[in-house]
Amino acid sequence: MSLSRKLLVIFFTWITALSMSKPIFVSSDNMNFTFKSFTIRNLTFLGDSHLRNGVVGLTRELGVPDTSSGTVIYNNPIRFYDPDSNTTASFSTHFSFTVQNLNPDPTSAGDGLAFFLSHDNDTLGSPGGYLGLVNSSQPMKNRFVAIEFDTKLDPHFNDPNGNHIGLDVDSLNSISTSDPLLSSQIDLKSGKSITSWIDYKNDLRLLNVFLSYTDPVTTTKKPEKPLLSVNIDLSPFLNGEMYVGFSGSTEGSTEIHLIENWSFKTSGFLPVRSKSNHLHNVSDSSVVNDDPVVIPSKKRRHRHNLAIGLGISCPVLICLALFVFGYFTLKKWKSVKAEKELKTELITGLREFSYKELYTATKGFHSSRVIGRGAFGNVYRAMFVSSGTISAVKRSRHNSTEGKTEFLAELSIIACLRHKNLVQLQGWCNEKGELLLVYEFMPNGSLDKILYQESQTGAVALDWSHRLNIAIGLASALSYLHHECEQQVVHRDIKTSNIMLDINFNARLGDFGLARLTEHDKSPVSTLTAGTMGYLAPEYLQYGTATEKTDAFSYGVVILEVACGRRPIDKEPESQKTVNLVDWVWRLHSEGRVLEAVDERLKGEFDEEMMKKLLLVGLKCAHPDSNERPSMRRVLQILNNEIEPSPVPKMKPTLSFSCGLSLDDIVSEDEEGDSIVYVVS
């Protein structure tokens, strides 16, 4: 539909609406979401909160006394107040949680968890009795409404006992409390799953909290009688948009706090009447006219309303048309300008191919010519009859102007890169609404196909010298990207399927679709976490900050793959138990048997000292603490025997940042495919 036709439709719709005698109603949106189990999507994790097997943990899971606090928040703010109708929303939520003490000593219990509503989505509260809700140094900074599930008696906050629920408003001194053990025989820290329902009805100014042990077989029934019922007007506190979530804490205890599922909804926004011919006031039940009005005949009323509609609509519609025309014209001009600028950048040193030439060379982009799939499109084998050469052509999946501009921007990175261990860009084409990039052809394909094809055929295509050469070549490419380019290039997607092998089995790093440019010695910016599970550094998953250290982690996983002939995440043939490659090699290292990790297909034909060095470099690069990982320049020096490697601890260290994720937690989400993108705050 053309723009002019769209504007006409808008125009006549507007006229029809204005000519009707009834006023128009507009309603505010109510919110509704449900998590039957959790993923990292749509949630923000602060402090020690973490995700394991679809369950949110709020505090560290340690068998020794520890101090911890964590918060998980629904990413999107929720509207609780509608200024047009001056209405505060009602809300209902229910969730299942478990509180369990890992130590049988009852003195090591505490402190509990809370469901909260707050304007703040980035402050981590203090541990202990503060329940991760507020900072002990600034207790009045964070305003909130919360239902606490307290498992420790804290006289500082006037707690009645060590097993109670309470309503907290801007303070941890509860307005009202109830002991579920006395009224419902529910022990909050029993280790059993408990389901809670929290209902606030704004029209009744009433908040009810229900509690029941979760039924493991059938749907848990909501109790008829609330455990806590408070007559309170929350409208002064539920103003504007707020965030909802959970927090939990410990202080010198071994208590864990798990959230298993969660649903939340708002309701009760009243409809708002738009302005009509007559002034009126909106109440809960009726409309009262300020002055008596003589109602004209139906025909006169219709003509009168139509005249008003035309008088109002015509000037507005003209302005709207001019605005829309100007907006799209400016947008088109900016995209064309940006594309021309990027096109000029790419022209330097590169050949511009015609679309017809590439179409013919790939047999019309026939599926039989597909040799790979990258972050932004399919890769085709192209045979140029006139020159007798073979190239690889990448075809972008993004057909929009924005998509092509973004793709050109990404490729401007690799267009200026020159290194023997990088796949070289030969040329490009931008015709018929498509963006095509031409790379040198790698006859031996990708590393993963060679590495894992062997296990099926029994033939070993990669001997020890090839594998060592691949590790050194990849380190050389990354050292160039991280330290020798004018701007530092962080690849963000290093994996065996993105490492190509030339005719002599030399490693060539390709697919820069996720790469980012940064200034040297500048702090990186958090972005969408992107890449492939099993290769992602733990701090990258947690904070979304990609650096040369996250690339180093991926490199460590890759060279362990090369040395061991095993995938990053694999299953034992007999038990079908998931095995993490880094953890497996580290366990063998701790037992003094690290060489037992070597690919059996090599049949012992390798340099033991150098192989051990390669395995230990892999572990050092995959160290959970990013500060302990060597730079790629140092890795290259170690593998070239120019310097000695630094020692690798016998036991795999725990993560040093505040989130309590283990590497198993990080990779356990990879059930449906290779590449996963998460939104991380």
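Heads up, the Cβ atoms here are built off N, Cα and C, so glycines get one too.
Residues or ranges marked as topological domain 'Extracellular' in Swiss-Prot (evidence: sequence analysis): 22-305.
N32 (N-linked glycosylation site): 11 other CB atoms within 10 A of its CB, across all protein chains. According to Swiss-Prot, the N-linked glycosylation site annotation covers N32 (among others).
The N-linked glycosylation site feature in Swiss-Prot is assigned to N42 (among others); the stated evidence is sequence analysis. Under the DSSP three-state reduction, N42 (N-linked glycosylation site) is assigned to coil, being neither helix nor strand.
Of all the Cβ atoms in the protein chains shown, 11 others lie within 10 Å of the Cβ of N86 (N-linked glycosylation site). Annotation comment: Swiss-Prot describes N86 (among others) as N-linked glycosylation site.
According to Swiss-Prot, the N-linked glycosylation site annotation covers N121 (among others).
The N-linked glycosylation site annotation in Swiss-Prot covers N135 (among others) and is backed by sequence analysis. For the recorded site, N135 (N-linked glycosylation site), the DSSP three-state label reads strand. Using a 10 Å radius centred on the Cβ of N135 (N-linked glycosylation site) and all shown protein chains, the other Cβ atoms total 15.
Taken from Swiss-Prot, the feature N-linked glycosylation site covers N261 (among others). Cβ neighbour count for N261 (N-linked glycosylation site) (all protein chains, 10 Å cutoff from its Cβ): 19.
What Swiss-Prot records for N281 (among others) is N-linked glycosylation site.
The transmembrane segment feature in Swiss-Prot is assigned to 306-326; the stated evidence is sequence analysis.
Residues annotated as topological domain 'Cytoplasmic' in Swiss-Prot, with sequence analysis given as evidence: 327-681.
Look at Swiss-Prot and you will find 365-643 tagged as domain 'Protein kinase', backed by sequence analysis.
When other Cβ atoms within 10 Å of the Cβ of D493 (active site, proton acceptor) are tallied across all protein chains shown, the result is 24. D493 (active site, proton acceptor) falls outside any helix or strand according to DSSP and counts as coil. Per Swiss-Prot, the feature active site, proton acceptor maps to D493.
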Of the recorded positions listed as N121, N135, N261, D493, the one whose CA lies nearest the CA of N86 (N-linked glycosylation site): N121
Overall pLDDT for the topological domain 'Cytoplasmic' (327-681), taken as the rounded mean: 80
By Cα-Cα distance, the member of recorded positions N32, N135, D493 nearest N42 (N-linked glycosylation site): N32
Greatest C-beta neighbour count within 10 angstroms, which of the glycosylation sites N42, N121: N121
Pairwise Cα distance for N135 (N-linked glycosylation site)/D493 (active site, proton acceptor) [Å, integer]: 38
Helix, strand or coil at N261 (N-linked glycosylation site) [DSSP, three-state]: strand
Residue among recorded positions N32, N121, D493 with Cα closest to the Cα of N261 (N-linked glycosylation site): N32
